[in-house]
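*Asks:* Relevant sequence annotations retrieved from TrEMBL are reproduced here:
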ACT_SITE  His94  active site, electrophile
ACT_SITE  Glu166  active site, proton acceptor
BINDING   Asn9, Trp10, Lys11, Gly172, Ser212, Gly233, Gly234  substrate binding site
Amino acid sequence: MRKKIVAGNWKMNNDLAQTETFLVDFKKQVFPEDVVVMIAPPFTNLSHAFTSMREHPVSIAAQNMHQNDEGAFTGEVSAKMLKSVGVNTVILGHSERRAYFNEDSQLLAEKVNTALKNELTIIFCIGEELEDRKSENHFNLIKTQLTEGLFHVSSEAWEHIIIAYEPVWAIGTGETASPEQAQEMHLFIRKTIEEKYSKAIADKVSILYGGSVKPNNAVEIFSQTDVDGGLIGGAALKVDSFMDIVNAFEG
Ligand SMILES: O=C(CO)COP(=O)(O)O
């Protein structure tokens, strides 16, 4: 059975007071036993979030990390630092990191290695721009992102890897991929992993969908065979909408 996962990526939102308001309410929630729930607050709130949620079945993820273990990298945060405050998962390759911070596949491959070495689970994000889809290059692009950024890892590493398919044109736009488009791409991703590794690995990896997932579309998206959950932006900032999405798996 693949893990069902719903992860909230807060991006650069929620200061400490807002985080505390969220957590006070979040702690009162009943979390479904068969869904892995994660939140990824900004760096400044990771330690607080971990301490606050310690007794609750919620993982704390980081939104990024540096590829080096330590050193003169002003403004950066290492995997070891994340581990030291209770973080067990890191989001890598988000399209905003790729677009605004020039993170390319070569750099992401290094970050992947560092995260694995430090026993962090990785949510590896991939996704095409609207132009790629219009020119029907989206499958090629996704395959390239996987091949260049991730496919150097060993078979064993897949225990610690989650994929998030986030079409860039659906992020923060209110426009989601249709459930069929999501299913089609998730199946393609799974097949691509199967070709490179094995069916056993491909069948086990959780593939999340991200891009304008809201309470009113989550049930339909999550009901697709190869969609194992979501990476949620805007709707993860409020406890009510996030919990509606956490509870959106059928059956
Ligand atoms: O980028 C996302 C999550 O990483 C998706 O953001 P939205 O849910 O706000 O579209």
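The backbone N, Cα and C atoms fix where each Cβ goes, and this holds for glycine too.
Worth saying up front: this structure is predicted, and the values here are computed from it rather than measured.
I'm curious about the neighbourhood of these features; can you describe it?
*Replies:* The Cβ neighbour count for His94 (active site, electrophile), using a 10 Å radius and every protein chain shown, is 27. His94 (active site, electrophile) falls within neither a helix nor a strand when secondary structure is assigned with DSSP, and so counts as coil.
In the three-state DSSP scheme, Glu166 (active site, proton acceptor) is classed as coil.
Just so you know, the Cβ of Ser212 (substrate binding site) picks up 22 other Cβ atoms within 10 Å once every protein chain is counted.
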*Asks:* Calculate the distance in Å between the alpha carbons (Cα) of His94 (active site, electrophile) and Glu166 (active site, proton acceptor), and round it to a whole number.
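*Replies:* Just about 8 Å between their Cα atoms.
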*Asks:* Determine the most Cβ-crowded residue among the binding-site residues Gly172, Gly233, Gly234, using a 10 Å radius around each Cβ and all protein chains in the structure.
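*Replies:* Result for the most crowded candidate: Gly233.
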*Asks:* In the same chain, which residues outside the set Asn9, Trp10, Lys11, Gly172, Ser212, Gly233, Gly234 have their CB within 8 A of the centroid of the CB atoms that define the substrate site?
*Replies:* Asn13, Ile171, Ile232, Ala235, Ala236, Leu237
*Asks:* So if I measure Cβ to Cβ from Lys11 (substrate binding site) and keep only same-chain residues at least 6 apart in sequence, which ones fall under 8 Å?
*Replies:* Pro42, Gln63, Glu96, Gly233
*Asks:* List the Cα distance (Å, whole number) between Ser212 (substrate binding site) and Glu166 (active site, proton acceptor).
*Replies:* 9
*Asks:* Return only the integer: C-alpha distance in Å from Gly234 (substrate binding site) to Glu166 (active site, proton acceptor).
*Replies:* 14
